[in-house]
Structure formats: C-alpha cells, structure tokens
Amino acid sequence: MKKLVGFVGWRGMVGSVLLDRLQKNNDFLNFNSVFFTTSQIYGMPPNVLNRVSSRLEDAYNIEYLTTLDIIISCQGEKYTKKIYTKLQDIGWKGYWIDASSYLRMDKKSIIVLDPINFNDIQLGIEKGIKTFVGGNCTVSLMLMALGGLFAQDLIKWISVSTYQSVSGSGSQSMLELLKQIGYVYKDISVYLSSKKSILEIEKIFTSSLNKINYSNTKLKGPLLGNLFPWIDTSMNNGQTREEWKGTVETNKILNSKKNILIDGVCVRVPSLRCHSQSFTIKLRHDISVESIKSLLSSHNSWVQVVDNNFDSTMNELNPLQVTGTLNIPIGRIKKLNIGKKYLSVFSVGDQLLWGAAEPLRRILNILINQ
Ligand SMILES: NC(=O)c1ccc[n+]([C@@H]2O[C@H](COP(=O)([O-])OP(=O)(O)OC[C@H]3O[C@@H](n4cnc5c(N)ncnc54)[C@H](OP(=O)(O)O)[C@@H]3O)[C@@H](O)[C@H]2O)c1
C-alpha cells in the first residue's frame, strides 16, 4: 500500500518550491498525499496526483496527523515545536521531515544533505531514526560548493561573509521588499529622465524609503538600496544564531570528529532569491589552485567551477544566473597574499533548492522507496 504523506507549510517559500520539484519529478505518483494549513482550513489544496482529501485540513488536528506515515513541515519553528512535541508525546511512529531549524541539533535527528551524508542517512534509517531535518541554507550550499575540499579533509577553518537574499526570510519579507521598490519608484520615476542631478534623485530615493512605517513589518527597515548585517537572534557571544549554525550544523552533517570552525558575518541583501557566500579558507596544507579546482568540480554533479575572469564571473556567478536551478557555481578561486594555505572562493546557490526544498524532496523519496 502507498504511504500517506501530509504536507504542512506547502504554500510558503520553501513549501511552494518543494511542491514544484515534486510535481516536475512525478514524485506524487509514489505516495498518497494530504495538504494542511494553519490559516485556510477547508480551502482548496493544490491539484496533485494521489491526493486523498479534496480540501485543506487543519494543521493542528492531531488526530488526523497521527494517521500519516510521513509529515513534511515547511511551516516554521513555532509549528514544529508545538506539533512535533505533541505527536512524540502520544507515541506517533511516523517520519517527520522538517525545513525549520528547531530539531536540527536534536540527538534523535539527522540533518539531511544526501550528496554529502547519504551513508549516515541510510545508517540512521536502519537504526530507527524518524526525524530528518533540512540544514541551514548557507551551510547546505557551502557543503555542496566545498564538498571536494571537505571530503579530502583539507579545510582547517573558514571565515565567511554571506549575501543572503530576502526570500531566505520568508514570503512576507519578499513581498515587503517588492512593495518598497514600488513605493520608491512612484516617488522617483518622474525624475529619472529629468535634468535633476543624480545626488538630488538619490536624496529623494532615500527620503522616500524613510517615509515608510516599518514598525509592523517583518524586515523592520528598508532593504532596498541597503543591507542588514544581522540575521536571526543574538547568541550572547557576539554571534547571531545564523552565524552560530555554521560550525555546529556543518560538523553534525559531516559527522566530523575534528570540529572544523566556521564563522563570519551573515548579511541580508536585497537580491530576491539565492544566497552568495565569500569564503576565506585556511587549508591544512598547501595545494595548487589547479588541484583545488579539480577536487571541487569532481565532487558532485551540481557544482560548477567558474573561471576567475570578468566575463565568466558576470555570466555565471551571480544570483540571477542561478535562480531556479540546482547549479552551485564556485569561482573567484585564488590563493590570498597572506600565505600559501589561504584560499579565497565565492559561491552562489539557490537557497530554496539545495538550501531548503531539494534535500527534503530527496529524503522523502529515500523514505518512500525503502
Ligand atoms: N526561505 C528560505 O530560504 C528557507 C531556507 C531554509 C529553511 N527555511 C525554513 O523553512 C521554514 C519555512 O520558511 P519559508 O521561508 O517557506 O516561510 P514562509 O514563506 O513565511 O511560509 C510559512 C507559512 O506562512 C504562511 N503564509 C502567510 N502568508 C503567506 C504568503 N503571503 N504566502 C505564502 N505563505 C504565507 C503559510 O502557512 P499557511 O498556509 O498555513 O497559512 C506558509 O506555509 C522556516 O522555518 C524557515 O526558517 C527557509
């Protein structure tokens, strides 16, 4: 009999990309599905194969949830905290697949990124692990990009600056940025082909952004023409939680005994989709740039080494070129003047695909095909 899979959070950023990938790959053929909501109970579910209910079910209906073999939640931490805990308390034996960070560091969970940790996932399933969680988006994208160096144990530490798109903060934030664009455009559009000086136009742009009331918004300030070097909550050691995840999640996914240190500054930027990252890497020993490129490009079928020149960088190494694809371009590969063991690389990846939805789709298929 086909397994019954429940989808919660399917209309959010991660959920809708997941749905799209499942449909494109005909995955719905292989299981029965039911769709849940926290806000639109008995509304219309998406039209997919093998759907067992013609309406959206209540995502807080524990009785219904316990009938499921697998639950995929892309709803967020609060939901997971509340519902996962209840389901465990009453002894539900199904598989829980999650996009949120709530369960990532739980001892009973595996952070899934199968091109990196397929063996650990298999071993976990055999041992009876039931909780599989997608990793932090920048961590998963970093591991996909630098997998060839991690696999050879070449990395001593990494210092990273991220350039994280607004969709990484959810659909609400993406809408807010688009509204900021519309709002400001209304104010400056008449001047764009006028004789007004560029500095005067810049002033109108800035004062237009400053007129918006941000108190009830998710972004809390203007992201257009701007950036925020702060993502997630404070960790009380100077780091943000997003920065803290770098070391702990990487080492958990790699099952590493060495505790490879990864730290830096995570920055929200006004690109719509895809996270970019600039890595400074301390290598364990000196190795040529050519060997590094070869290790990187042979690690998995999605990573693409980009030549370190202007045209290749412009054409291949930026968010708009990567959006909606599983490609992980990695370029600007060079040794730093600081010393032969110091490497600098830049990578871009779609955080809604390899950084969120794709590992979830793949673990779902692994569990279905057992
Ligand atoms: N965004 C990313 O790049 C990313 C990457 C990795 C992990 N994550 C994690 O994944 C989880 C979900 O993130 P998300 O970015 O997908 O959140 P999201 O876009 O905010 O969606 C979450 C839920 O918000 C509700 N919602 C309210 N207004 C909406 C609107 N206008 N459009 C769509 N949905 C709306 C929907 O629930 P109802 O249908 O029940 O109302 C939806 O399922 C979070 O824990 C996040 O930390 C996100």
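Each residue, glycine too, has its Cβ placed from N, Cα and C.
Automatic, uncurated: that is what TrEMBL annotation is.
Here's what TrEMBL has on this protein:
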DOMAIN    4-124  domain 'Semialdehyde dehydrogenase NAD-binding'
ACT_SITE  CYS137  active site, acyl-thioester intermediate
ACT_SITE  HIS275  active site, proton acceptor
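Within 10 Å of the C-beta of HIS275 (active site, proton acceptor) there are 30 other C-beta atoms, taking all protein chains into account. DSSP states for the domain 'Semialdehyde dehydrogenase NAD-binding' (4-124), grouped as helix (H, G, I), strand (E, B) and coil, give 44 helix, 26 strand, 51 coil. In three-state terms derived from DSSP, HIS275 (active site, proton acceptor) belongs to an extended strand segment.
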